[in-house]
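Trainee: Checked TrEMBL, it gives:
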- Gly13, Leu14, Arg15, Gly16, Ser17, Gly18, Lys19, Thr20, Gly63, Asn123, Gly124, Thr125, Asn126, Asp127: GTP binding site (BINDING)
- Thr20, Thr41: Mg(2+) binding site (BINDING)
Amino acid sequence: MKKSSTIHILLCGLRGSGKTLLLYKTLIPKWESTNSEILPTPLYHYEEFKHNGKTLGLWDFSGDPVVRNISNYVSRQVEVRGVVFVVNILDMNETKNTEVINWLCSLESESSLSYSRFVVLFNGTNDLFRGENYENFMQKLEPIKSRLGSRIMCKNVNTIKGLDDPGWPIVLDFIISQPSNSNKKSNKSRE
């Protein structure tokens, strides 16, 4: 496969979490009538854009459980520098928390993502109440955070703002700062 200078990022999350909204608001910041026009992504949607002089390729995957593993497949075909897992902070419950953690574990265990950075992006504003479901989720996330160490970040981003939310550029810069897999592999072969 030809080496690409595009930095690939997977956008994953349950249905209705805000992945596609984040993608479109990143590409079309002036788009106003977003909520009424977005249909669920059937499989995946791919777009490229420039951020800080770098070309980023965003893969927006369906939250449908039937096609959920397509993100794992894509990660074996292109070098993925980051996985952004979008969680709707207003739609958290025990069942969804478990579903998100299981999906994150599946991605984390994918060997093709062993050098990638992970971001749990909480879709909502910083002032939203974080109740029992949020605390439960953070407890379940702790083992993943321990395993990934400095390769994981949790961030609040209001997806309807896209790049106008200061958290989203921070997330993108966190992913961009991860060296490519090929650099890490060539360094290991020199040791």
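In case you wondered, yes, glycine gets a Cβ from its N, Cα and C as well.
In TrEMBL, annotation is done automatically, which means it is predicted and not curated.
Values in this document were obtained by computation on a predicted structure and should not be read as measured data.
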Trainee: For Thr20 (Mg(2+) binding site), what is the tally of other C-beta atoms lying within 10 angstroms of its C-beta?
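Mentor: Other Cβ atoms found within 10 Å: 23.
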Trainee: Below 8 Å Cβ to Cβ and six or more residues apart, same chain only. Which residues does that give for Gly13 (GTP binding site)?
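Mentor: When sequence neighbours closer than 6 are ignored, Gly13 (GTP binding site) has Lys19, Gly63, Phe85, Val86, Val87, Asn88, Val100 within Cβ distance under 8 Å.
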Trainee: Using DSSP and collapsing to three states, where does Gly13 (GTP binding site) fall: helix, strand or coil?
Mentor: strand
Trainee: Would you pick out, from the binding-site residues Ser17, Thr41, the residue whose Cβ has the largest number of other Cβ atoms within 10 Å?
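Mentor: The residue with the most neighbouring Cβ atoms within 10 Å is Ser17.
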Trainee: What kind of secondary structure is Gly63 (GTP binding site) part of, going by DSSP in three states?
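Mentor: Reduced to three states, the DSSP call for Gly63 (GTP binding site) is coil.
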Trainee: Would you please pick out, from the binding-site residues Arg15, Lys19, the one with the fewest other Cβ atoms within 10 Å of its Cβ?
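Mentor: If we count Cβ atoms within 10 Å for the binding-site residues Arg15, Lys19, the smallest count is at Arg15.
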